Structures are given as structure tokens and as C-alpha cells.
Amino acid sequence: MSSQTPVVTVDGPSGAGKGTLCMLLAKKLGFQLLDSGAIYRVLALAAIHHGVDTESEDALVPLATHLDVQFIAEGDLVKVILEGEDVSGELRKEETGMAASKVAALPRVREALLRRQRAFEAAPGLVADGRDMGTVVFPSAQAKIFLDASAEERANRRLKQLQDKGLDVRFADLLSEIQERDDRDRNRPVAPLRPAEDALVLDSTSMTIDEVVEKALQYIESKLAE
């Protein structure tokens, strides 16, 4: 068995179920959790809280370097704790999203956040949720999973989520949005969405979440025992 801190990466397209899988894996393994998709929103929110200009690299880099954030799996949700405060609700606000877009466009800030994400690698272990965790952020991770599902299945899942919230949405619109996002993610010049060469590819299209978790755990346990 390797003496290094165990790292499990889960990458994949939007709507494949990465968040749910990572939360359940972190709880079952007793590992820490990193939601890389939320990290830019967290930094943007920290900037807003501290009155820092979200377009100033010089001001944002030290904030990113020392970002005090935790992701805690609790019940069916992941709580985001920024500087000791639960900011899960604030992260979803439009103001935070707009600020995050500005922050994400700054190269030195991206580099600082890359280092900050790598600092999550600590005992007893880490489950990292994202799009380039196994290819860019943690290329030496012992267990890498690429969780996929058909665009149609992901649109169906999203449709059900939104309908459960009482929203009136069309399947065709959701499918189109997902296909466009897939195209952007897979063809972007920096860190395109793709499985790491040594990743287990899981297609969850016709699998239940319990089946996905079982397959993932079998794979992780075998990799960590090597």
C-alpha cells in the first residue's frame, strides 16, 4: 500500500452525478471533500466580504492563496464553510456567480487556486470533485474515476430536479444547454474535459446511485490496496 495520502478524483460532465457520488464516497471513506466547481464562487464571495476588487489580480492572489474554506458532507448536502461561516446559500446568488466569472478569467488567480486546491490533500484522504482533477490538479492520484452519462439522461435528471422545485422547463431546452456545455468543456484549449488515461470510466446512464457507489468503492479499495 502506498504511504502517500490517498486521493480519489471524480471528473465528468455537468449533470453526471459527480457531486452526489463524491459526497457519499467522502462519508463512506471518512475522507475530506473538495468541490472544485465551487472554489471560484467561494473566492469571489471572500472578495465581496473583504471589499476586494474582483478584477484585481494583485488583490485576489493572496486571498486565493490563503482561502479558508471547507466542504462538509452533511445529510444529503455539502455545506460550504468560508472563514467559519456556512455560505452555501450565498454561493448560489447571481451576484456571486457574476463575480466568479471575473475571478476565473485571471491567470494568476487560477494558478493560486490550483495550488490551494492541491493543499486539500491531507490525511486521512481526499475525494476531489471536478472536471480536471485527475488530469491537471491531482495527476498522481491513486484512484481516478470519470463519471459519465448520456446527454439525454442528464437532461432528464435536471428536468426532474427543476420540476420538483415547481419550475416550468422544457426537456429540449435543457438538452440543448447540456450539449452546448459539453462541447465547450471538451474543446476548450486549457484542461479540456476528458478521462485521465488511468481512470475508471463509469457510465451512469442506466445505473442507480447505489450501483455507482458500489462500483466506485470496489475500484477505490482495490487501487488503495496496491
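Including glycine, each Cβ sits where the backbone N, Cα and C put it.
As annotated by Swiss-Prot, ATP binding site applies to Gly12, Pro13, Ser14, Gly15, Ala16, Gly17, Lys18, Gly19, Thr20.
Here the features listed in Swiss-Prot are placed on the structure.
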{"residue": "Gly12", "record": "ATP binding site", "Cβ within 10 Å": "27"}
{"residue": "Ser14", "record": "ATP binding site", "Cβ within 10 Å": "16"}
{"residue": "Ala16", "record": "ATP binding site", "Cβ within 10 Å": "24"}
{"residue": "Lys18", "record": "ATP binding site", "Cβ within 10 Å": "25"}
{"residue": "Thr20", "record": "ATP binding site", "Cβ within 10 Å": "17"}
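Shown in sequence order, Leu21, Leu147, Ala149, Arg154 are the same-chain residues outside Gly12, Pro13, Ser14, Gly15, Ala16, Gly17, Lys18, Gly19, Thr20 whose Cβ sits within 8 Å of the Cβ centre of the ATP site.
Ala16 (ATP binding site) falls within neither a helix nor a strand when secondary structure is assigned with DSSP, and so counts as coil.
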